[in-house]
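Asks: Please find one structure pasted underneath; my questions will follow.
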Amino acid sequence: MTFLLSRTFISLTLRPSCSISMANLTTNAKTRLRGVVFDMDGTLTVPVIDFAAMYRAVLGEDAYKRIKAESPSGIDILHHIESWSPDKQQKAYEIIADYEKQGIDKLQIMPGTAELCGFLDSKKIKRGLITRNVQKAIDIFHQRFEVIFSPALGREFRPYKPNPDPLLHICSTWDIQPNEVMMVGDSLKDDIACGKRAGAFTCLLDETGRYGPDDFSVSGLQPDFKVDSLSKIQNLLETNFDLNP
């Protein structure tokens, strides 16, 4: 499947300081892109964590079914845990840590990641990382992949995705405006929401065709681009953006 340029690419709702002039759009001028920020689990790494099983273990079967029915776009387990008592939180985080450790033990780099990073390096485009996983997982990812993403923020950075603050922090660190950055991830409710709220371009990685128009309509979140493989992103960037340093 080739990349999808969404209708919102032309009518992006950005903060005033991040707006794109209609004059540029009508003359087909390409917008400058200076940085790409990636999600980690399911984007840079092959998805291996059984999130449904983890949610059941943390919430209990009845609560899991109820919350899932109330949240068709997905369960934000970290958000639910925040309101619990300290003892209950600790037990929940221990369960999550166990599942995440299993994921770390099975960590595999997503096909196309090395090639995409090489392309970004050749264009001097910065790359960062935002994950709701822990910093230890980021460190192991860096060790195994031997390519560094910087800044690389785990859930220790508060507030975490889908809040835009992690992405805005990276933009500030780079001294780059959000509308010169793209957020790439496999989660509509976390990655695309984070990017949209920050005023960045967004690209949804959807390998299995999980997301469709109904999901975008219900969530109110439409990515600017959608790809089924990281290998499609290089062509997407070259076609739609000015990549000159």
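Cβ from N, Cα, C; glycine included.
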Asks: Check Swiss-Prot: it lists ASP39, ASP41 as binding Mg(2+). Then name which of ASP165, ASP175, ASP186 it lists for that same site.
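Replies: Candidate listed by Swiss-Prot for the same site: ASP186.
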Asks: Would you kindly give the Cα-Cα distance separating ASP186 (Mg(2+) binding site) and ASP41 (active site, proton donor), rounded to the nearest Å?
Replies: 8
Asks: List the residues of the same chain that sit at least 6 positions away from ASP186 (Mg(2+) binding site) in sequence and have their Cβ under 8 Å from its Cβ, in sequence order, or write 'none'.
Replies: ASP39, GLY42, THR43, PRO47, LEU204, LEU205, ASP206, GLU207
Asks: Apart from ASP39, ASP41, ASP186, which residues in this chain have a Cβ no more than 8 Å from the mean position of the Cβ atoms of those residues at the Mg(2+) site?
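Replies: Neighbours within 8 Å of the Cβ centroid, excluding ASP39, ASP41, ASP186: PHE38, MET40, GLY42, THR43, LEU44, THR45, PRO47, THR131, GLY185, SER187, ASP190, ASP191, LEU205.
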Asks: Inside 10 Å of the Cβ of ASP41 (active site, proton donor), count up the other Cβ atoms and send me the figure.
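Replies: Result for ASP41 (active site, proton donor): 23 neighbouring Cβ atoms inside 10 Å.
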